[in-house]
Amino acid sequence: MVLDSGAQAYDQAPPSPPTSPPSLRHRLKPSDRDGPPLYPWSQSLALPLALAVPPALQPQPEQQPFSQMLLGHRGHMRRSESTYSVNSTGRRGRGTLGRPPPGRGRNPGGGTLRPAASLPHIAKTQRDAGHIASKSPCMLVALRPTNMDRERDKFFQSHYTYNPQFEYQEPMPTAVLEKYCEASGQFIHQAVGIIEAVLEKFGTYEHFEAATGGQLLTKCQIWSIVRKYMQKEGCAGEVVVQLSEDLLSQAVMMVENSRPTLAINLTGARQYWLEGMLRHEIGTHYLRGVNNARQPWHNAEGRLRYGLRPANPTEEGLASLHSVLFRKQPFLWRAALLYYTIHRAARMSFRQLFQDLERYVQDADVRWEYCVRAKRGQTDTSLPGCFSKDQVYLDGIVRILRHRQTIDFPLLTSLGKVSYEDVDHLRPHGVLDNTRVPHFMQDLARYRQQLEHIMATNRLDEAELGRLLPD
């Protein structure tokens, strides 16, 4: 592991302190289809940088997200959807997320004070994302409204009575919009049950976060926890770690200077949540991606040849479970609220959805972002409609928990980016030598006990899951 608390912008080294407040930027991984993330960097680079050249003196290649790094014939590493957030200082290739409306969650310098983990995340537009997006805009970039800031101002000035009229860059990904135009209600009872369990115990989400997240960590404490975690996973020297105060997510993975890089949000690094984030990003996505590169189904042709199912529900479900693994209160709040929001968006206008969410989320800025997330792709939001892709988190969680007693979790990790449903089929064909299983799966009995604890905490009923997902 390489620890880097210096330059936090990834295009070039920081100049003298900016005279204007730093802008914020966040982007989702461009995964509009399920598929295998690959190991996207030369293995010769998976070493500690004992003598690192200062960033200002290095040639600056185009910064790419972890999911887009190309490596010859191997194609690109594509992980299931999650957030790539990069802080910015207004230099080339940087965009401006936009100014949130006055009120909670703003500091005088223009940065957000809202807890990073409480928000969904919206990709930057082609206009905002600059050179990278203009070359090949991903699906999630294309679905971010280009006029979102202006419509947000109108919405808040109307006291939440205006339905935003969104505009998008062209061409719109119509095939993707058609694929995700219908919301599922299969697990709506579970979603509502999880949300209400949190509010019943803590009153509000903000109280839940304060009670279960623990204190914010100092840089030294973060370095110590990250260093120990990387050693546990055998990843020391493979991943560059950087700290930032400008990320909107808890953490982000990307490839910078041909090295896998994990950026951690200083303002969201809480005592009891940091290791969960590391289990999500490193212990799940990273290790499964490394293992996947060794398998004969590491590319699209191989997946077709072996008849593999989509990996995304399993990938995101597993990562989401690992995020809360070993917590005293392992509530699946975010996955449940995203599922609920999309389910309601399919039946409501934007303003109706915003008002409906008030029963669960008081912060207007947070509600706005959940609503925009669910209404992506719509122009006239006075009409019912949704973009349902984010339901994959809870969907994957519930399916894994339903079959938790029969899934071979170490093998599921070793086989790479595959669905739990394909494990038995792939067992004879997997390349298992030198694959990597996260340390928290070594004691499988304890791991399974934690899954039972997650079931109980979130009030998930075994018999009901059996009826919803029969064998």
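Backbone N, Cα and C define each Cβ position, glycine as well.
Note that the structure is a prediction, hence the values are computed from the model and not measured.
Listed in Swiss-Prot for this protein:
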type	residues	note
REGION	1-40	region 'Disordered'
REGION	76-116	region 'Disordered'
BINDING	His280, His285, Glu316	Zn(2+) binding site
ACT_SITE	Glu281	active site, nucleophile
Assigned conformation of Glu281 (active site, nucleophile) - DSSP reduced to three states: helix
Which of Glu281, Glu316, all recorded positions, has a Cβ with the fewest other Cβ atoms inside 10 Å: Glu281
Rounded inter-Cα distance in Å - the residue listed as 'active site, nucleophile', Glu316 (Zn(2+) binding site): 11
Same-chain residues at least 6 apart in sequence whose Cβ lies under 8 Å from His280 (Zn(2+) binding site): Ala319, Ser320, His322, Ser323
Cβ neighbour count (within 10 Å, all chains shown) around His285 (Zn(2+) binding site): 26
